[in-house]
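Inspection log for the structure reproduced underneath, given as structure tokens.
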């Protein structure tokens, strides 16, 4: 490329094109996004794993090690909380964006645990890139999380059911402008130490029972700073170059899910970040036009961990059966998940916010034993249909769900590998969901392994 043709100020001479109005628009690679469409645990890890096989960069854009993704490769089950699960692709770069909050002991512990399981993580430190603008979770954030939960329990008789990973407190520090970022850790350590001491002091005054070994913590952080320094990059420029350089496949794996979003979820029983599509732009520093496909991951029924409204919940044999057959325990907390029928009101709402281009319907095989299957299609309050998903939790707790009953298929689908092989009623169930939501279904999951994802188009 000659010097005259190079776009000024664009890394790699990124291409431009003129619009009809004469303004210059950037064109580049698009990112593919995978998001949870319910309350988490939908099987996002499996969809990401499928797409990550030929990805060049796999990103996390929000949340911390409160997320839990399980990926099975060559019969080895890897658990990811903070690391993008695409890190098991030896040819991809795993990128942790500025919207993610990082607990350094948790990061290294997670990598070491997975290294012991199999070869998937070999050489991970060379494949991980961390935004210098990402905030750091300290041990006292985690301790404060536990104290806050205890206080909620004592004062209100119920807590939020957080993972006690310090996520809420660190996002609070970020919003209060007292947090510390990766760029602070790897720059002047004396300056970092002063700010760390000040933040620790603030936490001590808020929570007098908090014990913080400041010198011990700083010594550990100094060690982490040395280990992590080669991985820390200016995330904005890194992602910009990836978008506007040579063709690349860039994948974003969302953590948590739409109904756990701080703005759009079932507040206050939500996480502390935006886990809808807007969080991808703010958590990576990319413009909306760089977003390509947005895949929503939907479990064939609904689950929720912890407390909060759950209109289609089944506190009965059906819920028990779903729980047992689906092995519904949280990856991060080990807590039993609450189970219920699929809720289309909730999914329409998630689609309004995220604009899914296609869905992955997972765990269809869990429904194999039911003679009839119900699907929540609308909500009523005092006998009147409500046209929207209520923001207020008390209102959501009161809704009556209108169900559509579909016939079950009573056949094992776990070895099915094409849509045509599915039992007739299973096809009808998938078709019903697709038509009601108006979103194409691209994958159907009928088991744990990578091979058990049936691709439709």
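Backbone N, Cα and C define each Cβ position, glycine as well.
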Task: Candidates 335, 348, 417, the one Swiss-Prot lists with 41, 42, 43, 44, 66, 67, 68, 69, 163, 177, 256, 271 as binding IMP - done: 335
Task: Spatial neighbour of residue 256 (IMP binding site) that is closest, considering only the recorded positions 69, 70, 331, 446 and their CA atoms - done: 69
Task: Rounded inter-Cα distance in Å - residue 66 (IMP binding site), residue 334 (substrate binding site) - done: 12
- [ ] With H, G and I counted as helix, E and B as strand and the rest as coil, say where DSSP puts residue 69 (active site, proton donor).
- [x] strand
- [ ] Using C-alpha atoms only, work out the spacing between residue 331 (substrate binding site) and residue 163 (IMP binding site) and round it to an integer in Å.
- [x] 11
Task: Set of same-chain residues at least 6 away whose C-beta sits under 8 angstroms from residue 335 (IMP binding site) - done: 161, 305, 306, 329
TODO: Using a 10 angstroms cut-off on Cβ to Cβ distances, just flag whichever of 66, 70, 163, 256 is the loneliest among these binding-site residues.
DONE: 70
TODO: Based on Cβ atoms within 10 Å, give me the single least packed residue among the binding-site residues 46, 336, 337.
DONE: 336
